[in-house]
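Following: one structure in structure tokens, then a few remarks.
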Amino acid sequence: MSYSSSPHINTNNRKRRLNDGQEAPQGRDLLASPHNARLCQHLCGGPCSDSADCSHSPSPSPGQAGTTQCHSSHVCEDVREEGLGRTRIRAENEVEANKLVNNYRFGFRKWKSHVTERPFEDRSEAVKELYSELNVIKPSTGHLVSVGNIVYVFLFGWWVALVYLLVCILMFTTVIGTPYGKLCCRLSWYFLWPFGKTIQETGNGCMHCGAMSPYCACNNGREDVVPILLPSPTETPDSVGPIPRGTPYWRRFTTYVWLLLGFPLLAVVHSLVCVLAWTMVFTIPVAKMNARTLGTILLMPPEDVSVTTGSERSQGYGSKALLCCSNATNWHYYKYTVDGINVFAVNLLPLVIVAMVIGYMDTGNQYASSNLKFGIAVSSIIPLSYYIGMGIASISAQSNFAVGALVNATFGSITEMTFYITALIRGHKAGNPCLQEIVKAALTGTLFGCILFIPGISMVVGGLKHSEQRFNSRSTGVGSALLFISVGGVFAPTLFSKAYGNLVCDACTTSAGGNATFTCHDCHYDLNNSTLFHNHVEPLVYSVCVLLPVAYIIGLIFTLKTHSHIYDIQVGEGHAEAPGGAVVHWSRWRSLLILIMATLLMSACADLATQHIQPILHQPNISQYFIGVTVIAMVPEIPEIVNGIQFALQNNINLSLEVGSCIAVQVCMLQIPLLVLFNALYDVGFVLIFSDLHLWASIFSVIVVNYILMDGKSDYFQGTALVVVYLILLALYFFAPSPLGC
């Protein structure tokens with residue numbers, strides 16, 4: 001069997017040959033393993049059933065393992081061939097396959113989703129429901145009295161109905177606005193409990209159809225109903241005369257009375273409900289309902305709007321449903337995307353604007369405290385990291401290797417590097433060594449957080465759903481080796497300074513008595529010894545910072561060229577591309593523009609965060625170490641945590657482990673050498689020597705995670721062990737004394 005010189009992308013999955021010369025069935029993977037039933041359970045995400053069954057073919061010759069076939073109605077995204085030590089990953093099209101290749105080349109971006117539009121017909125029914133309009137009458141599939149609907153009444157329904165009643169009274173007092181008063185009365189009853197009711201457009205010069213017409217949307221016996229009612233084939237438009245119409249809508253005096261008195265208040269109410277419901281994500285159906293009311297229903301002639309229940313729907317020809325909602329909540333809306341961006345990232349984007357406004361306009365902290373500004377600035381990093389990740393993934397997936405390498409090298413670690421460099425510059429100008437210690441704590445916190453917490457929480461979630469999961473121990477072993485090299489290289493100058501440096505202590509006191517004893521505080525290794533530092537420590541730091549990227553490049557060559565068969569990325573059968581190819585969410589130029597804008601905003605947010613971090617650091621009961629290893633280190637990695645959990649839920653624990661490992665390796669082999677290079681060009685006093693706490697926490701974390709991942713299997717117990725170790729280290733940092741200079 002031969003392998004290509006890069007992660008193998010197989011676009012023709014119809015015919016695949018086995019080692020014994022047999023032809024594989026279409027769309028199925030043949031897995032070399034004697035444990036057919038058990039392996040199928042791991043690869044298919046559950047025991048075999050009618051939709052997923054396993055069969056085992058006998059060994060073609062003595063001494064060779066048979067093959068196990070996993071026939072599944074769903075496509076396993078990560079199919080492992082344990083006998084060959086390889087990971088096969090399915091992609092839907094060439095662009096997605098190229099994105100996955102770049103994931104293994106340059107590390108997983110802070111974005112998991114597709115960079116191309118997925119065919120709507122291939123989505124699950126639950127996802128299709130998220131994007132459906134509320135103007136289609138559907139047969140009721142459950143009880144209208146649900147927890148979500150009751151919550152709607154308490155959060156929105158009662159006061160929206162009350163506002164409609166007030167507007168109703170207002171319009172009745174004008175006399176001329178009586179039709180709109182009646183409309184508000186009907187809508188008040190509707191918005192108090194809209195479930196099972198329908199707002200329909202009637203009249204409009206329409207014809208009447210027979211009550212038994214199969215084309216009416218009010219016909220509940222028809223499942224494939226349409227919002228616009230069509231006439232019966234046996235009728236003609238001449239069978240019934242048109243409904244006489246009055247003055248055109250925009251020429252009525254009552255229309256402008258309504259637009260001046262009633263509509264503005266309702267517009268404010270519906271806009272507020274839209275914002276609140278959209279922000280809560282799971283109540284997006286309420287936001288859609290209010291947006292449709294504001295943009296369509298309230299601007300229609302009142303005589304053309306009717307509110308009916310399921311048994312009273314209008315049977316008029318030409319009538320159509322305007323609004324029909326059965327549920328106020330849908331728990332699948334966490335999957336909802338807007339132009340390829342997850343709804344949570346979209347909702348957090350306004351934080352960036354808020355951070356800019358209060359950060360640069362309220363310089364005297366008159367309207368917002370420094371603590372609030374710091375919190376908003378740090379939180380705004382989350383959506384910006386999503387947009388940066390999406391931009392990187394989109395450009396790389398649509399470009400060649402050289403462009404992808406340039407974009408990833410330039411923007412790959414921009415989120416963390418922006419904050420680190422900004423903090424170092426501000427600390428150097430202010431003569432505050434505490435910010436340098438915060439940067440070192442953030443680097444260490446990112447390191448052991450990504451190798452302990454991300455794999456740990458992913459194992460816990462995945463183990464609870466899938467009992468036991470398997471991963472490619474071969475690829476994990478490559479990451480483990482790089483982790484050992486990384487930690488050894490990063491902390492080599494620290495070990496060297498402890499072996500040959502002088503321990504200097506401040507605030508020493510002597511005890512009274514014959515045998516005088518000294519009690520000292522704030523002990524540290526002296527770096528002011530110019531001979532030791534400039535002749536020994538500094539050359540060692542530069543040597544390490546050259547060797548670490550070299551080791552990183554060698555690791556890429558190993559996994560991408562000489563041993564690229566470890567990752568076999570295929571375009572699965574059944575995902576036919578459109579005639580013009582896959583449709584991407586963002587073009588390359590659009591991605592580049594968004595990437596540059598997000599990077600500039602990230603720099604501004606990092607500047608605000610470092611500017612207002614001082615009050616946080618002066619909290620008497622919290623160690624500055626703890627702030628560095630938690631808030632500064634892990635907030636930018638929240639998207640990665642979400643990615644790892646989603647991979648694990650899809651029975652793809654191999655990618656969950658890759659996410660954490662890639663970040664940790666990049667911290668040591670790319671980010672730290674870049675900081676040293678920046679310090680060499682612009683001296684900010686950054687010295688690659690860490691405290692004992694950072695040293696032993698990092699070494700202990702790498703040893704524990706490598707021990708846990710030795711057997712190629714994971715479950716919730718192993719994940720719990722990693723999470724507990726991470727929490728123990730956090731407790732250690734929480735109770736640790738503040739670093740020197742803070």
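Easy rule for this one: first residue shown is 1, then count along the chain.
Glycine residues also receive a Cβ, built from the backbone N, Cα and C atoms like all the rest.
TrEMBL: automatically predicted annotations, no manual curation.
Features of the protein shown, as given by TrEMBL:
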type     : residues : note
COMPBIAS : 1-12     : compositional bias 'Polar residues'
COMPBIAS : 52-72    : compositional bias 'Polar residues'
DOMAIN   : 147-197  : domain 'Inner membrane component'
DOMAIN   : 375-490  : domain 'Sodium/calcium exchanger membrane region'
DOMAIN   : 591-733  : domain 'Sodium/calcium exchanger membrane region'
REGION   : 1-29     : region 'Disordered'
REGION   : 51-72    : region 'Disordered'
TRANSMEM : 256-282  : transmembrane segment
TRANSMEM : 341-360  : transmembrane segment
TRANSMEM : 372-389  : transmembrane segment
TRANSMEM : 401-421  : transmembrane segment
TRANSMEM : 441-464  : transmembrane segment
TRANSMEM : 476-496  : transmembrane segment
TRANSMEM : 540-560  : transmembrane segment
TRANSMEM : 592-613  : transmembrane segment
TRANSMEM : 625-645  : transmembrane segment
TRANSMEM : 657-678  : transmembrane segment
TRANSMEM : 684-709  : transmembrane segment
TRANSMEM : 716-736  : transmembrane segment
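Remark: the transmembrane segment (372-389) contacts the transmembrane segment (592-613), by the rule of 3 or more CB pairs under 8 A.
Of the Cβ pairs linking the transmembrane segment (341-360) with the transmembrane segment (256-282) and spaced 6 or more residues apart, 3 or more are under 8 Å, so the two regions touch. Counting residues 6+ beyond its ends, the transmembrane segment (684-709) has Cβ neighbours under 8 Å at 424-425, 427-428, 433, 436-437, 439-441, 444, 447-448, 451-452, 455, 471, 473, 476, 480, 483-484, 487, 490-491, 493-495, 497, 525, 527, 537, 541, 544-545, 625, 657, 672, 675-676, 678, 718, 721-722, 725-726, 729, 732-733, 736, 739 in the same chain. Cβ atoms under 8 Å from those of the transmembrane segment (256-282) belong to residues 148, 155-156, 160, 163-164, 166-167, 170-171, 174, 176-177, 180, 184, 290-291, 293-294, 298-299, 329-331, 333-334, 336, 343-344, 347 of the same chain, restricted to positions at least 6 beyond its ends.
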